[in-house]
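A.B. asks: Annotations for this protein, taken from TrEMBL, read as follows:
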{"type": "TRANSMEM", "residues": "30-49", "note": "transmembrane segment"}
{"type": "TRANSMEM", "residues": "61-81", "note": "transmembrane segment"}
{"type": "TRANSMEM", "residues": "93-114", "note": "transmembrane segment"}
{"type": "TRANSMEM", "residues": "120-140", "note": "transmembrane segment"}
{"type": "TRANSMEM", "residues": "160-178", "note": "transmembrane segment"}
{"type": "TRANSMEM", "residues": "236-264", "note": "transmembrane segment"}
{"type": "TRANSMEM", "residues": "303-323", "note": "transmembrane segment"}
{"type": "TRANSMEM", "residues": "329-349", "note": "transmembrane segment"}
{"type": "TRANSMEM", "residues": "369-387", "note": "transmembrane segment"}
{"type": "TRANSMEM", "residues": "393-413", "note": "transmembrane segment"}
Amino acid sequence: MVTASIIKEFGVNNYLIKEENLTQEIIQSAYGTLLVISFISGAALFFSASPIANFYQQSELINILQLLSLNIFLAPFGSIIDCLLKRELNFKPALITGTSSQFISVLAMILMAYSDFGVYTLVYGSLIQTVVQALLLQFYRPANMPLMPKLSQSRKILSYSKFVGVYGIVGHFGTYIVELLSGKFFTLEITGQFNRASSTASLFNKLFTEALNPVISPYASKLKRSGEGFMQRMRVIIVLALSCAWPFYAVLGLCAEPVVLILFGEKWMTSSYFLQIFCASRILSSSVQTIEPILMGLGMAKALMKIVLIINVLRILISILLLQYGLMVMIIFTSLTLPLLRVALFVLVLHRKNLVDWHTYLSWLKPPAVLLIVSAAPLCLIKLYLGQNWWQSYSYVISSIILSATLWLTLLSKQEDSAIVIKEVKSKLFNKAKT
């Protein structure tokens, strides 16, 4: 279902966000192109429901997948409006329609659950959310949103959006390739430990990055169109994002044992070793994570697609070659070497596109690096002082975490980039109060 949702959009919305000269004909063509892609994707899911159900030997999957395919058919009627609003950095409609549709969907699912709809509760809940959000978005329909679709500029749109589509599909499968190999060639127990660690390491992405990235692309696109101090604003975003990400992963990695114990219990303690590796990997990969939506907003999907292809082809090859040495060796190698290559490739793209040279970009990493070191220092000292079972002294651990958080907040508030953001927020609040 996730794969189908990636295919059905296939980068069309991103084309609208990055396009500098957005004419009525282009919007109509994007609308028409998205309708065609959604119809093909939805039909593919509908007719493949039976083979998928046979593969899993679950006949009930046929009806479930066929109902879920309606989500793909209906999506374009709201997504183009949502995209045009976000292009102008108008996120209020997305908040209102998203929250309202989610609330109505949850309410409906509660009623259906009490009425014994079983597994169809989630299916109908998903459909209700899609329909309600599409209907609510019509009240925020911008003036340039066409009633009728066209296909006159479809070739032009697809010549760009195909790179975004491939980027999304390859990135999606690449994320899960190690888990798939682990499930196939290793025990269910060790695979479960791996999955627990992976999901825990993804907490920051779920809470922060996935909320920030959809805002960055249209913001970067608008800055490019207006020419308003693009690189200075991008520097602020990158530095602040890393100033939050790096200390988070450092503290999470150092506190892997107590975190796993609290979240999952003693039988999952093996996953703490995986979690430490994943946190080190996330520190490396997050160095350029914010650059992805920036480049996407600037229309550089082809460069992103090439990076994703290189990284994920290497991930598959390395994983297969290292299978014989065990899961831990495979994860250590892929988690620590590939992020370094990813950073190098992104910095190379920035340099070649004359956006930022490598020396300047490395200078941007200094403030987050200072925060990382200062935040991790109390926990490292406690670890050295108390030895291997340091985390069992809860009073020391809690005191160290509080000290780390205090030091982080103090230094973050004094950062130059934080001061810029605070000043802008105060200015906007003051202007709003005046009006």
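Backbone N, Cα and C define each Cβ position, glycine as well.
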A.B. asks: May I ask which of the stretches 61-81, 93-114, 329-349 has the most CB pairs under 8 A with the transmembrane segment (120-140)?
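C.D. replies: Per the Cβ count, the answer is 93-114.
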A.B. asks: Give the nonlocal contacts of the transmembrane segment (393-413) in its own chain as ranges (CB under 8 Å, at least six residues past its ends).
C.D. replies: 243, 247, 251, 255, 258, 370-371, 374-379, 381-382, 386, 422
A.B. asks: Using a Cβ cut-off of under 8 Å, list the residues of the same chain at least 6 residues beyond the transmembrane segment (329-349) that approach it.
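C.D. replies: Contacts of the transmembrane segment (329-349) (Cβ under 8 Å, skipping residues fewer than 6 from its ends): 178, 181, 194, 274, 277-278, 280-281, 284-285, 287-288, 291, 295, 300, 303, 307, 310-311, 314-315, 318-319, 322-323, 358, 361.
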A.B. asks: So, does the transmembrane segment (303-323) come close enough to the transmembrane segment (160-178) to give 3+ Cβ pairs below 8 Å, pairs being at least 6 apart in sequence?
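C.D. replies: Per Cβ check, the transmembrane segment (160-178) touches the transmembrane segment (303-323).
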